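Remarks on the structure that follows.
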Amino acid sequence: MLSGHDEKLVPPPFLAAAAGHEVLTSHKQSTIFSTAEVNLALSNTTTVIRLFFYAILAACGGFLLGYDNGVMGGVSSSNAYLQLFFPEVMSSKMSGSGSVYCVYNDHILSLVTSSLFLSAAPSALLGGYLCNKHGRKAVLMASGLAFLIGTAMVASSFSVIQLVLGRLLLGVGVGLSTMATPMYLTEIAPYKWRGRLNICFQLFITIGIFGAQGLNLGLLSIADYGWRISLALGAVPALLIILGCILLPDTPTSLIARGQDARAKAVLGYLRGTSQKKEADTVFSSEVNEEFEILKNSVENTLSSQRGSFCALFTRLRCRPHMFMCCLLPFFQQFTGINAIMFFGPQLFQAAGQGDRASLLSCVIIGSVNVGSTFLALWLADLCGRKRLFFAGAVQMLLTLGVVAGLIQLIKTQYAGNTRIAAAIIALICLFVSGFAYSWGPLAWLVPSELANESTRSAGMGLTTFTNFFFTFVIGQAFLPMMCSMEWGVYLFFAGFVIIMSLYVQCTLPETMGIATEEVEGLICGSWPWRMWCNEKLEDQGVETIAVKPCV
């Protein structure tokens, strides 16, 4: 998008200062900018701060999903919550009868936890249409409002029906925000910063999880209504995204697609640091004009050649690779088993011999590892490449899942109550979460947003989010029965999927690091698995393909 691929990547000012590089200060800007000034625009401190500020505001959409993921595990293990809604589960927990792996095996308890994703999945598809019609910013605002109303319902619940209805409404907010946020971040980012800005979404998911787990631990002492406070505090991330949307501009791509070219150019110049104001009458530099024309032509060409975002994604041969990757990446992400740990962490650790407080503390420790490793991904994604991170994270997850399965079997058969083995299990699960957090966690959201072109990006992200949430619902419903019947074997089940998804990524996924979104389509069709579907179509349209070796 900007100049060429040999342009030097300029680090954010706080990273540059830490590395001993000079941080450029704000320079005086005029109405028309020279080429030299534009080349320095993204190294200007004010511009970098502005770009990261908008990225952080938009990434607050990840707070909604993260907070709910983190809070429900602790709430579901709360004695007051169980006594009110699931007295039979509470009786089984207090009596200690039966297998420790089966204490929480109740399908209604699982349904309450996973029902959010039952509404989040179709909401993501609806969000794709709404993003095209009303823009990314409007969808983010709607997600915050839906989550706020749902929070009020679940925090005031006195029946399972009200609880489920409230969580269905929470799911609408989560579905809309999770679909729109990665798309927004992709479209405002310069292509060489796209990885780290997009990973802000996953970072805020992990911060939300960690914050909710900490609150669960802190509110455990409030026996009667601590769980209500935990649920009610979900209003905080909802208000953050609502208030943040007041300050956010819509993306240039979205504005162009809706016929607002002048405003789109103004926003693009503002994001690239060549204007201090967003009015449409500003005269911009030649490089901003060039980037705008490339973006405009790309949007117009794809819109004119396709019959709608979803229709094109499912019917046109050259969009078939996008469709498969938008389905398979989130599918594999869920079958790493990460949400089984995030949803039911306290239950897992209680099955390993920990008490209520110790199990919640273990979840907080894991949440902190999750956040720290996602910060690592901000640096690695645009340094090592997507495919290397996918593979490295998968190896780490595979090894830890195998060892955890063996240790849990030892606890069951020979070393019941052994605190050292229990501590080793916690440490290994921390390593598992770390491997996920710098690889499959952020990249399964980032890569689909990079692969789709401008006209199918909203549909692609809608399909990605739908697939993610549908299989999150499946995992949420199936995990407690699986843990009851398979016990330690459930970890080997997920380890098997880690092997399969690693082979898939290595053999079919093109490397998108440092590639402008307008050029990714040619890269995809140069990859050997997809040539039979799209090369002829692209050659007819004059799109250059880039040959990629299989299984590199």
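For all residues, glycine too, the Cβ spot is worked out from N, Cα and C.
Per TrEMBL, the feature domain 'Major facilitator superfamily (MFS) profile' maps to 54-513. Here TrEMBL flags 48-67, 108-131, 138-158, 164-185, 197-219, 225-248, 323-346, 358-380, 389-411, 423-447, 459-482, 488-505 as transmembrane segment.
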*For the transmembrane segment (323-346) against the transmembrane segment (488-505), do we get 3 or more Cβ-Cβ pairs below 8 Å once near-sequence pairs (under 6 apart) are dropped?*
yes
*Are there 3 or more C-beta pairs under 8 Å linking the transmembrane segment (358-380) with the transmembrane segment (423-447), counting only pairs at least 6 apart in sequence?*
yes
*Between the stretches 138-158, 164-185, 358-380, which one has more Cβ pairs under 8 Å with the transmembrane segment (225-248) than any other?*
138-158
*For the transmembrane segment (164-185), which partner among 48-67, 197-219, 459-482 gives the most CB pairs under 8 Å?*
48-67
*Please work out which recorded stretch in 48-67, 138-158, 358-380, 389-411 has the most C-beta pairs separated by under 8 angstroms from the transmembrane segment (197-219)?*
48-67
_the transmembrane segment (389-411) and the transmembrane segment (488-505) contact flag, 3+ Cβ pairs under 8 angstroms_ = yes
